Amino acid sequence: MQIKTVMVIGAGQMGSGIAQVFAQSNFDVKLNDISEASLEKGIASIEKNLNRSVQKGRLTEVEKVEIMERLSTTTSLQDASDCDLVIEAVVENMDVKGKVFKQLDEITPAHAILASNTSSLPITEIAAVTNRPEKVIGMHFMNPVPVMKLVEIIRGLATSDETYEAIETTTKALGKTPVEVNDFPGFVSNRVLMPMINEAIYTVYEGVATPEAVDEVMKLGMNHPMGPLQLADFIGLDTCLYIMEVLHEGFGDSKYRPCPLLRKYVKAGWLGKKSGRGFYIYGE
Ligand code: NAI
């Protein structure tokens with residue numbers, strides 16, 4: 001099947017990046033959000049990224065204008081009625097995603113593939129709210145989307161081979177590398193990454209070392225480009241807590257118990273970079 005027109009739902013840090021890479025790869029993209037302010041912010045961040053590419057000589061001014069012309073914004077899901085592919089990147093909440101997929105199932109044409117960028121929620125459960133579970137799939141981009149090469153593609157229980165192949169081809173058309181995984185809590189990326197971040201938070205909680213020291217050990221000692229606590233701040237501490245809860249509940253194993261310090265920070269509204277404070281302080 002030929003994918004030409006795409007809708008991205010949610011214009012936050014992930015959705016705007018996803019919209020950008022699709023527009024850069026010649027797809028027509030509709031960016032949807034319930035909030036006009038989020039749409040404006042999303043488009044502004046795409047334009048800022050493209051301007052930086054122009055300054056660095058990676059893109060011409062004409063190409064930038066063409067990319068921006070392929071992007072449109074809307075607050076109405078009805079505009080998905082002519083889309084071949086929809087990628088949902090709204091908040092990490094099953095109720096919200098369930099409602100979005102139910103509506104999309106009614107609005108989009110029968111051939112359309114419905115993908116979710118969820119970090120951890122079960123694709124099989126999201127698919128079950130629709131009448132086309134064979135056309136529902138996980139398309140998990142990494143943050144920041146324009147930079148990171150990986151797309152983890154998650155097959156739900158009912159996802160068809162045809163759907164998988166269409167998404168694999170599309171991922172390659174974006175210049176990204178697809179990796180196929182099955183639907184289990186945290187998939188591969190967050191099942192491996194989040195327990196490490198959680199353990200790093202435990203080392204701070206238990207007074208083993210400061211956040212700076214933990215990050216320095218992992219950067220210099222393990223050759224990680226960024227320490228786990230800085231990475232947690234970038235991902236968002238609320239998202240990190242949510243993913244640990246999904247792992248804890250999904251596997252019922254105490255090794256996934258979220259660190260009490262992580263809970264405390266989230267309760268305090270210290271959500272990392274996006275709120276100005278997490279393990280580090282930002283924007284001062
Ligand atoms: P965000 O909070 O930056 O953006 C979410 C956006 O969704 C907001 O603009 C909000 O207005 C919008 N929204 C909420 N409900 C909506 C609805 N019903 N219809 C349309 N728009 C709606 O969140 P972020 O970080 O972009 O995450 C989005 C998804 O991507 C989540 O599922 C998250 O788990 C996943 N993800 C996040 C990564 C990260 O590093 N932050 C990495 C990979 C996946």
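Every residue gets a Cβ built from N, Cα and C, even glycine.
TrEMBL labels come from automatic prediction, so no person has curated them.
Just so it is clear, the model here is predicted, and its values are computed rather than measured.
TrEMBL annotations:
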| type | residues | note |
| --- | --- | --- |
| BINDING | Gly10, Ala11, Gly12, Gln13, Met14, Gly15, Asp33, Glu92, Lys97, Ser119, Asn143, Lys274 | NAD(+) binding site |
| DOMAIN | 5-183 | domain '3-hydroxyacyl-CoA dehydrogenase NAD binding' |
| DOMAIN | 186-282 | domain '3-hydroxyacyl-CoA dehydrogenase C-terminal' |
| SITE | His140 | site 'Important for catalytic activity' |
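Features recorded in TrEMBL, as mapped to the structure shown.
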residue: Gly10; record: NAD(+) binding site; Cβ neighbours (10 Å): 26
residue: Gly12; record: NAD(+) binding site; Cβ neighbours (10 Å): 18
residue: Met14; record: NAD(+) binding site; Cβ neighbours (10 Å): 23
residue: Asp33; record: NAD(+) binding site; Cβ neighbours (10 Å): 23
residue: Lys97; record: NAD(+) binding site; Cβ neighbours (10 Å): 23
residue: His140; record: site 'Important for catalytic activity'; Cβ neighbours (10 Å): 24
residue: Asn143; record: NAD(+) binding site; Cβ neighbours (10 Å): 15
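In this structure, the binding-site residues that sit close to ligand 1, with a C-beta under 6 angstroms from any of its atoms, are Gly10, Met14, Asp33, Asn143, chosen from Gly10, Met14, Asp33, Lys97, Asn143. Under DSSP, residues within the domain '3-hydroxyacyl-CoA dehydrogenase C-terminal' (186-282) fall into helix, strand and coil as 67 helix, 3 strand, 27 coil. Here the Cα atom of Asp33 (NAD(+) binding site) is found 19 Å from that of His140 (site 'Important for catalytic activity'). You'll find the Cα of His140 (site 'Important for catalytic activity') roughly 10 Å from the Cα of Met14 (NAD(+) binding site).
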